[in-house]
Amino acid sequence: MTILIGYVPTPVGEAALEAGLAEAAARGDDVVIVNSPRRGATVDADLVDEAAAAKLVARAEAAGVSARVDHTTHGADVVETFDALAAETGARLIVIGLRRRSPVGKALLGSDAQRILLDAGVPVLAVKPTA
Amino acid sequence: MSDERTPTPEPGQDILAEIQAEVAHDLEEDRPPAGGPAYQVAGALVALVVGIGGAVLSYGYGLGSLRQPGPGLWPFVVSIAIALMAAALLVVGRSLTDSEKFTRSSVLPAVGLVTFIVLALLMPVIGFELPSLLLCVVWLRFLGGESWRSTIITSVVTVAAFYFLFLYGLRIPLPHLF
Amino acid sequence: MDVNAFLDGFGLVTEPQNLLYCLIGVLIGMLIGVLPGLGPAATIAILLPITYSIDPVSAIIMLAGIYYGAQYGGTITSVLLRLPGEASSVVTVFDGFALAKQGRAGTALGIAAIGSFIGATVSILGLTLVAPLIAGWALSFGDPEYAALALLGVLLVATIGNGNKLKAMLAAAFGLLLATIGRDSFSGAERFTFGSLQLTEGIDFVVVAMGLFGVGEILYNLEERHGKPHVPAAVANIWPSRKDLKQSSGAIGRGSLIGFVLGVLPGGGAVMSSLAAYATEKRIAKNPERFGRGAIEGVAAPETANNAAATSSFIPLLTLGIPANASMAMLFGALLILGISPGPQLVEERPDLFWGVINSMYIGNLILLVLSIPLVGIFVRILRVRPAILAPITALITILGVYTINNSTFDIFVMIVFGLIGYLMKKVGFEPGPMVLAFVLGSIVEDGVRRSMLIFDGDPTGFFTRPISGTILAAFVLVALWPAAKALLARRNAATVAAPAERDHADTPSR
């Protein structure tokens, strides 16, 4: 089976990656690291370049997991991207990172994590950064 | 650059042309597919019609003489030049690749154009605020694929900013409802 | 040179209000240089209505700032993202991005800032010294000279730009025809008005420019053409080392000169000079294979040259009243709005404006040098704002702006029509630039030709027997026939190397 890990180069993303890799190593799953930039943006700070992507794959291999990085772009709703990828890979689990958001911030900007938790078609494992 | 293996027959002979080609090649990657001969012919034909039509009309305005040029002489000369160049383009321009195919995403500019027209029609009637808001919503949500939340916030802030900028900042009397 | 007027010009520029507009102009310029999409000509076009509501000198200072500020802004994205923000920074991509990949993005940006500043300053000095001389000389020009010069300007802009020459000339001729719409100033006859009362006054230049450049580009950008999002490169240590400076000093010097000279020529301008400067450096380099792999001269030369050219392209506008490129055509239009017809008399009649604009460039470039480096981080952050969010804002600025000119909805519709024309032209491969330029110059050419025919008593050979207009027209013929001659030459050359070329084609996979 396959596990999708939502990854951005921040502590939240790192935590998701750690947990996802551990889960995959324990159960012998493949991993797709989802690093999905916003469609239409000229620059996306959450996007990782090829070198960084290669490092991620190497890290997964060090943990004994075969992985690839997916850069499919997403539109206004990131859930669709995850659902499509889950259907495509037959994933059994999505791993994402969570962070604390003030209620105001959540109301204004929304929360991709919350939407994935509520709307995704497969089980979701939500992880908090350790620090 | 991918062009490193390009053979240079006489080094230094025309580096400028070479770089230009390289630049063109580089920009090529991001461009949608070329439209093909039909586009070129259509463009040339429109130009030909403009040229001939202009020539006929300006002939009607009176050419006068070289000593006493009439109002039609200059536009006549220009129109003839247009017609001649359009005819030449019709012959030599078929294989050009500088056009862009109309694709499904060409609907977006068409919708954008419609919102422009709607704004121009509605503004004198109900002021600029609501039509502007409408334009923003259409452009952000349907043309730009923004989420509803970001659409509403951006639209309201934008229109409010314009309201204060034009009516209070620059004191320009736009037709306004409020 | 009138030293007093020159100093008065400085006095004018350092007035807080003008300093502020200079700063705003330069910032807007850098911003649109960074953002892909709108170019400087389109931006100036969209902001033209503002010239109705603020002081003329301030307005021109601001619009000029947009133009040369954009030359710098384009560099930032060229280096960091391999995404030229402006056409004049396209060649900078080769070595700039290579340097960024080696972790030397800061060095590239720093040398570009320094080169730009030196190039621009050299060019302004040249402008300060040369412009009054040209203006004085051009005072003796008569109608035939003006007609010939304007025609040459139109032709040069059409032929030197990139793209198909025939199409560019066709667009230019279309602009000339467009300029005849309305009441004929000689006979009072109405031309191409089709009975419309609003068309008798002719079509307003601002409306045409805002339509073709502004709306046309906005619509064109709406089509989904954005590529993949980029990862921003990190910028560390901005300041180039002493070695970098020494290595690029020659490139900066040559770039300044090339930029100044090519900028003066109509149609030359920033794009052409950046290419030429890069080519020169590559040609004279001891080991040209370094170029494209992170040669610091490959950044210094084009960036110096494009700023030098952007500055010196003001010379033909301010001294002859002939705009050298599309952006200058916009400034020409702005001056006309203000009731000032640019030409050799400008330096005498409006020394405040003449020297105010020129001297504002000294200040503006200083601002650019000081601001560009610290602001790089902010500009990269601005790039994260999605174009989709900016699009409706520019659209509204354009529509509301054009309405405010005459409080007329008719103008909005004319603009929309020209927007559609501009969009379709781009789709079919016609550049709207030559058309707008020819439209601006159209009445000068026509009036000049017709008055000349009266002077010459109906004998068109008169154009060739007057020394200056004769020379200009000879140049015209040369330029007009040059592409054909070059094509012929290339064909002969191609025939001789056809055999190896064919073999080369065989193993190139077709794309």
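Cβ atoms are placed via backbone N, Cα and C, with glycine included.
These come from TrEMBL:
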- C:18-38: transmembrane segment (TRANSMEM)
- C:19-437: domain 'DUF112' (DOMAIN)
- C:45-68: transmembrane segment (TRANSMEM)
- C:112-139: transmembrane segment (TRANSMEM)
- C:145-161: transmembrane segment (TRANSMEM)
- C:166-182: transmembrane segment (TRANSMEM)
- C:317-341: transmembrane segment (TRANSMEM)
- C:361-383: transmembrane segment (TRANSMEM)
- C:395-425: transmembrane segment (TRANSMEM)
- C:463-482: transmembrane segment (TRANSMEM)
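Note on the transmembrane segment (C:145-161): residues 168-169, 171-172, 175-176, 265-268, 271-272, 316, 320-326, 431, 433-434, 437-438, 441, 444-445, 447-449, 452, 463, 466, 468-469, 472-473, 475-476, 479-480, 482-483 of its chain, located 6 or more positions outside it, place their CB under 8 angstroms from a CB of the stretch. Spatially, the transmembrane segment (C:18-38) is not adjacent to the transmembrane segment (C:112-139); fewer than three Cβ-Cβ distances between them are under 8 Å for residues at least 6 apart in sequence. Within the chain carrying the transmembrane segment (C:395-425), a Cβ under 8 angstroms from the stretch's Cβ atoms is held by residues 46-50, 52-53, 171, 198, 203-204, 206-208, 210-220, 431-432, 435, all 6 or more beyond its ends.
Pairs of Cβ atoms less than 8 Å apart link the transmembrane segment (C:317-341) most often to C:45-68, out of C:45-68, C:112-139, C:166-182, C:361-383, C:463-482. In this chain, the transmembrane segment (C:361-383) lies in contact with the transmembrane segment (C:45-68); the count of Cβ pairs under 8 Å, excluding pairs fewer than 6 apart in sequence, is at least 3. Outside the transmembrane segment (C:361-383), and at least 6 residues removed from its termini, the chain residues within Cβ reach (under 8 Å) are 13-14, 19, 22-23, 25-27, 30-31, 34-35, 61, 64-65, 68-69, 72-73, 76-77, 80-81, 109-110, 113-114, 116-117, 120-121, 124, 127, 232, 235, 238, 307, 311, 314. Across the domain 'DUF112' (C:19-437), the prediction's mean pLDDT works out to 86.
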